[in-house]
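Chemist: Have a look at this one before I ask anything.
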Amino acid sequence: MGAKDYIGSLFLTELIKGLALTGRHLFARKITVQFPEEKTPASPRFRGLHALRRYPNGEERCIACKLCEAVCPALAITIESEQRDDGSRRTKRYDIDLTKCIFCGFCEEACPVDAVVETRVMEYHGEKRGDLYYTKQMLLAVGDRYEAQIAADREADAKYR
């Protein structure tokens, strides 16, 4: 320990530097948002509540390829399909268990027809475990309710896909 280090520790220069740094940040503008009262805008890529989309003619987009079910790391998606008379497949059952879902977005990326999407909706709850088990009809209702926002988000994100 040299003389310079000894004098520096004697006058507590490091402590004074730390207090100066704390003092500068103490009077800086606060950036904390009081969430329920104040809301910040969510990104178009925000991954919230799931939705199933329809084509403009009203037909559901899901072709029952089951890629979303296969790619889901949490095994939160359950799909049962049926063959139609015209040869196409459609879902008979499409369920998402939100208690298992980790909101990774893999289902959205895997879907070849943009049928399953994650919306910006982050405020949903359930009083019982079963309330967070979304069926096909519930997911289609979410998609119908937020279709304008979903379409705008997809358009804003199109150049990155």
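In case you wondered, yes, glycine gets a Cβ from its N, Cα and C as well.
Pulled these features from Swiss-Prot for this protein:
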type	residues	note
BINDING	Cys62, Cys65, Cys68, Cys111	[4Fe-4S] cluster 1 binding site
BINDING	Cys72, Cys101, Cys104, Cys107	[4Fe-4S] cluster 2 binding site
DOMAIN	52-82	domain '4Fe-4S ferredoxin-type 1'
DOMAIN	92-121	domain '4Fe-4S ferredoxin-type 2'
Chemist: What residues in the same chain, six or more past the boundaries of the domain '4Fe-4S ferredoxin-type 1' (52-82), come closer than 8 Å to it by Cβ-Cβ distance?
Modeler: 88-98, 100-102, 104, 106-117, 136, 139-140, 142-144, 147, 150
Chemist: Whose Cβ lies within 8 Å of the mean position of the Cβ atoms of Cys72, Cys101, Cys104, Cys107, the [4Fe-4S] cluster 2 site, other than those residues?
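Modeler: The surrounding set, listed in chain order, is Cys68, Val71, Pro73, Ala74, Ala76, Ile77, Ile96, Ile102, Phe103, Gly105, Phe106.
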Chemist: So which binding-site residues out of Cys62, Cys65, Cys68 end up within 10 angstroms of Cys107 ([4Fe-4S] cluster 2 binding site), measuring C-alpha to C-alpha?
Modeler: Cys68
Chemist: Which of these binding-site residues is closest to Cys101 ([4Fe-4S] cluster 2 binding site) if you go by CA atoms: Cys65, Cys68, Cys111?
Modeler: Cys68
Chemist: Which chain neighbours of the [4Fe-4S] cluster 1 site, leaving out Cys62, Cys65, Cys68, Cys111, have a Cβ atom within 8 Å of the mean position of the site's Cβ atoms?
Modeler: Ile63, Ala64, Lys66, Leu67, Glu69, Ile79, Cys107, Ala110, Pro112, Val113, Ala115, Val116
Chemist: Per residue, counting other C-beta atoms within 10 angstroms of the C-beta, which of the binding-site residues Cys104, Cys107, Cys111 reaches the highest number?
Modeler: Cys107
